[in-house]
Protein chains: 2
Amino acid sequence: MALISPSRRLRRTPFSDGVEAAGVQAYTVYNHMFLPTMFRSVIEDYRHLKEAVQIWDVACERQVEIRGPDAGRLMQMLTPRDLRGMLPGQCYYVPIVDETGGMLNDPVAVKLAEDRWWISIADSDLLMWVKGIAYGYRLDVLVDEPDVSPLGVQGPLADDLMARVFGDSVRNIRFFRFGWFQFQGRDMIIARSGYSKQGGFEIYVEGGDIGMPLWNALMEAGRDLDVRAGCPNLIERIEAGLLSYGNDMTRENTPHECGLGRFCNTQTAIGCIGRDALLRVAVEGPLRQVRPLAIGGAPVPACDRPWMVTAGEKTVGRVTSAAHSPDFDTNVSIAMIRMTHWDPGTELIVHCPDGPREAQVQEEFWL
Amino acid sequence: MALISPSRRLRRTPFSDGVEAAGVQAYTVYNHMFLPTMFRSVIEDYRHLKEAVQIWDVACERQVEIRGPDAGRLMQMLTPRDLRGMLPGQCYYVPIVDETGGMLNDPVAVKLAEDRWWISIADSDLLMWVKGIAYGYRLDVLVDEPDVSPLGVQGPLADDLMARVFGDSVRNIRFFRFGWFQFQGRDMIIARSGYSKQGGFEIYVEGGDIGMPLWNALMEAGRDLDVRAGCPNLIERIEAGLLSYGNDMTRENTPHECGLGRFCNTQTAIGCIGRDALLRVAVEGPLRQVRPLAIGGAPVPACDRPWMVTAGEKTVGRVTSAAHSPDFDTNVSIAMIRMTHWDPGTELIVHCPDGPREAQVQEEFWL
């Protein structure tokens, strides 16, 4: 691995001081911001995430705030998910598509009020698309990036840790719901969500100045829970089938190809910009789709570019994320596979950098 | 410095194999793509850039292609620079602004034909803004990212090297003009441009497959010219006053604040989305502006966040890029300074991470 050069353009977060003090070893860049990828080792971090509780600097999940009388209309223009039933206090995972039905982002939308939303974005400058649409349609909305930085608390002991800092009522937050809580006199939105399957919360920290006090309070309160600084874990997120925008899907893919058809209500999502383009695929289904693929052999190297998947002479797909799973004792991966070869049990060949390997389409993801 | 984690999301380029073979030591991430920042050392790379010739993997300068009957109209909507006099074969540096006059990008626009443009972008997903505007206004245009990767050839011996590969007529390309040339039977646009003041070219390599053959041909042809793999050099670009989007300007800044007023024809750029917002600032001028600042003392550390600039008790600006210049024997920097303190010779204090230092506003940049 090479080094990463610091510059202002790669933005620090309100929690960067804590991350550095905890001995971060590697980063990626996400929405022009540092996102830690490893503290002790990917495997040690993985074990700990499944046993204890971690604090994650996911400030890079920047918010696009939409506010004003046309906020709801604009939100529905962005996604094929029908938002009519969504209430303030709810979070929705929303595929965002362009006029061709291509994925622009796969954020979590947070409905603060009828006329106010945050879109908690994956790695693309969605702000530009939303601003362009709002301007082109002359909508009465404000669209901006507020000073809000999510902090993740993930792992089986997350409820215990959070209750110590925010009180027992955090335990009552239901999945993909949020509530308002106080920390040092400041209001914070806390949602039960996060980029792991180990359970936990995301705290939407408004105002960078309160970032380190909160980080320190959580670290202090969780000392006997073995709380540690952590980060989205490559192995765990592949086991769980959590897609990563830019890795497992791009603008070339429809939501249906990404297995996100259940988040699309293309018939009733009136106003969605990509609706015309998606109506047919919503009925007929996609020609290729994301599948879990178990890859044989020794632990795979890092998947830094798509690996071709073949059957006989034919290319039938590609692997876009892969890692060796200690718990499942196989290489777990996320692949986009053509429908002719996507049935569970299908034997395929994955062309890893170190040579071809046998692989098998799985019934479902591992977690 | 920490390590950078590989993943497909951080895209490799058609030249990555060459960059790795040349022993790249550090990267940054730019438009979701790897951009080398250091080969031997920043100082050694700097010396060599000023004496010989380097091949730069600047594939991260992705293109936004605009094509169709409304292409010209859309281009003018994006920028306050008057494009009426621009001819096919020309490149223009164009500030791109939103409806508030805030900078969204500072690319080079390449006019291929009356109805076809490439926008060679700095580090933001400008594609999203352009697509949003085109959709909102129902313009008859195609907007997409083509498979085009710029390769830079920079340094005083650039003409000699390029002539060996593309023929002597490359020498006739004028500054910010381009011509069509052939390499192994493939057409390539070559412009006299680049992100240094040492002279040189940018080759717009269409089709990733021809990337390494071209890289190798240039390396081979320039062996006796001491050609090396290089990259935009932090010291040289600050000496030259070459701004970096995300470092020295963001969406918060107008072009005038960035010293780009000479690229704005706000009165006559009819159709520019930010025109209303910029008319007043075009007449009255900005309240703060980019200035070269010489900072005293030992070589400064990396500027990974803005450094406050003060005069007495008052904050009057901030430094956003800085490095020690061996040639000018001072710390060179780019700062945004309030008009009350921007006159050449003004003595200021810069608050570096290791303490306050004396600094002086310069008459002009160093190169």
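Think of each number as a place in line: the chain as shown, counted from 1.
Keep in mind that glycine also has a Cβ here, set from the backbone N, Cα and C atoms.
All annotation found in TrEMBL is predicted automatically rather than curated by experts.
Feature annotations, courtesy of TrEMBL:
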- A:21-267: domain 'GCVT N-terminal' (DOMAIN)
- A:Glu202: substrate binding site (BINDING)
- A:308-363: domain 'Aminomethyltransferase C-terminal' (DOMAIN)
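Across the domain 'GCVT N-terminal' (A:21-267), mean pLDDT in this model comes to 98. There are 25 other Cβ atoms within 10 Å of the Cβ belonging to A:Glu202 (substrate binding site). According to DSSP, the domain 'Aminomethyltransferase C-terminal' (A:308-363) comprises 3 helix, 38 strand, 15 coil.
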